[in-house]
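Here's the structure, in structure tokens; my notes come after.
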Amino acid sequence: MLRFVVLSLTLMVFINSSNFPKTAATPPGTYQNHTTYVKTACNSTTYPTMCYNCLSSYSSTIKSDPIKLCTTSLNLNVKSAKNATLVVSNLLQKAKAAKSHEVSILKDCVDEMKDTIDELKQAVAEMKYVRGGGKTTEEHLKNVKTWVSSALTDEGTCTDGFEEGRVNVETKKKVKKAISELSKTTSNTLALLTHYLSY
């Protein structure tokens, strides 16, 4: 079920991308209030309140720069992925200690989450080359979006085993909550990249 939600989130981001202005072309002086800029940017995401709550405290750093906006979102996304991975890893350790049949399912999920972290880090690294426009910049931006899309897919894959296998209800609840929150964050990051960076 969560995998369907993740795929739906990805589709929504790209379908709705044509409905929002490409802010990269907007002169920096257009937004005098940096907090307002962040709020406006977050309104282009699927979960605007979550987006604003995450990014508003960084508005003085982001200012009115779409690249700083997306880079900040990506860095926070990496942090969220690490936190979600920690939740699943702790459950895995408990399952191992109890010699539970859930071990293999949780291990697969942790592996997917590690891939998610790596992909988001790759996106952060690639963002360093997204500046100035032109064909090369466009290619780097495409790579960033690909890494983030892959991360979103892996987050959904993480929970596949919980749908197919026998898992403790409480364990499933904790994992789904952690991954669901992460998927929303990643969806927002992808939306910001899609709506606010275009060359």
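Including glycine, each Cβ sits where the backbone N, Cα and C put it.
The disulfide bond annotation in Swiss-Prot covers C42-C51 (among others). Non-local contacts of C42 (disulfide bond) by the CB criterion (under 8 A, 6+ apart in sequence, same chain) comprise P48, T49, C51, Y52, L55, N188.
A sphere of 10 angstroms centred on the C-beta of C158 (disulfide bond) encloses 31 other C-beta atoms. Among the features that Swiss-Prot reports, disulfide bond is placed at C109-C158 (among others), with the record citing similarity to another entry.
Per Swiss-Prot, N-linked glycosylation site is recorded for N16 (among others), and the stated evidence type is sequence analysis.
Within 10 Å of the C-beta of N33 (N-linked glycosylation site) we count 11 further C-beta atoms, all protein chains included. Among the features that Swiss-Prot reports, N-linked glycosylation site is placed at N33 (among others).
Residues or ranges marked as N-linked glycosylation site in Swiss-Prot: N43 (among others). Over all protein chains present, the Cβ of N43 (N-linked glycosylation site) has 13 other Cβ atoms lying within 10 Å.
Neighbour density for N83 (N-linked glycosylation site): within 10 A of its CB lie 12 other CB atoms from the protein chains shown. What Swiss-Prot lists as N-linked glycosylation site is N83 (among others), and the listing cites sequence analysis.
The signal peptide feature in Swiss-Prot is assigned to 1-25; the stated evidence is sequence analysis.
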Please report how many Å separate the Cα atom of C158 (disulfide bond) from that of N83 (N-linked glycosylation site), as a whole number.
15
Is it possible to get the count of other C-beta atoms within 10 angstroms of the C-beta of C51 (disulfide bond)?
26
Over all shown protein chains, what is the count of other CB atoms within 10 A of the CB belonging to C109 (disulfide bond)?
28
